[in-house]
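Annotated in TrEMBL:
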type	residues	note
DOMAIN	20-230	domain 'Cytidylate kinase'
BINDING	G24, P25, S26, G27, S28, G29, K30, S31, S32	ATP binding site
Amino acid sequence: MTQELIETVDVLRPGKSLVVAIDGPSGSGKSSVSKEVARRLKLAYLDTGAMYRALTWFCVENGTDLADAAAVEAASKALPLEISTSPQEEYVRVAGHDVTLAIREPAISAAVSAVATALGARTELIRRQRELIEKHHRRMVVEGRDITTVVAPHAEVRMLLTASEEARLRRRGLQLGGSQNAEQLAAQVTHRDAKDSTVVNFTTAADGVVTLDSSELDFVETVQAALDIVDTVINHTVGQQQHTSQPRTAHGD
């Protein structure tokens, strides 16, 4: 099925855009699933959450007051960021420094919501995200919290990847190797979601967005379900276009 899907997408959309937008709450597995979907479909990949984390690291490193929205916005415009867009590698660099691991530290995780809810900074990072999508000829899997509604509302495929709170806490705990207790995990997952939801809705699917609940699915099953959604949406869209383009026969012919 997967190889068939790759071939189908290549045949149906040669040289055309294929943006797969994936939103979801913390711990839903959207980063790992999105990266694998991009790899399997031979698309570029963008983790927008890493951009907010990089900005948070940059602000903390430079002593920027995270409660000062104007200062955070200024920092977002000055941010010297390099981020990987290949699903085969992962790096985040700020001013040439590799911060790939540093931006995942608990201190950054605890502070990132203050940056993510600064509207001016969001506007700047959204601008950069859209630039990266265009740079890759609109052939990219983009994941985050406002991709389907704000960053790429006209993406060819839009999905909301969600899971129960229990499943999300369990997955985040495994991801962190048991290095954090239940209270710290809850702060990273549910508390952060509550803060971020004040500026963007990533828990309810907007019109045209397909919901994928992975609560009872493992990683492989979730990836396959996401690929099936891409397959269904692309084939449905192409079918509509072909139907619309059928020549009409005049009466009496």
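Each Cβ is built from the backbone N, Cα and C atoms, and glycine gets one as well.
Source: prediction; values computed, not measured.
Features recorded in TrEMBL, as mapped to the structure shown.
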residue : record           : Cβ contacts under 8 Å, 6 or more apart
S28     : ATP binding site : L161, T162, A163, R168, R171, S214
K30     : ATP binding site : I22, D23, G24, E143, G144, L161
S32     : ATP binding site : F219
Binding-site residues compared (G24, S26) - the one with the fewest other Cβ atoms within 10 Å: S26
8 Å Cβ shell about G24, P25, S26, G27, S28, G29, K30, S31, S32 centroid, ATP site members excluded: V33, L161, A163, R168, R171
For the domain 'Cytidylate kinase' (20-230), the mean pLDDT of the predicted model: 90
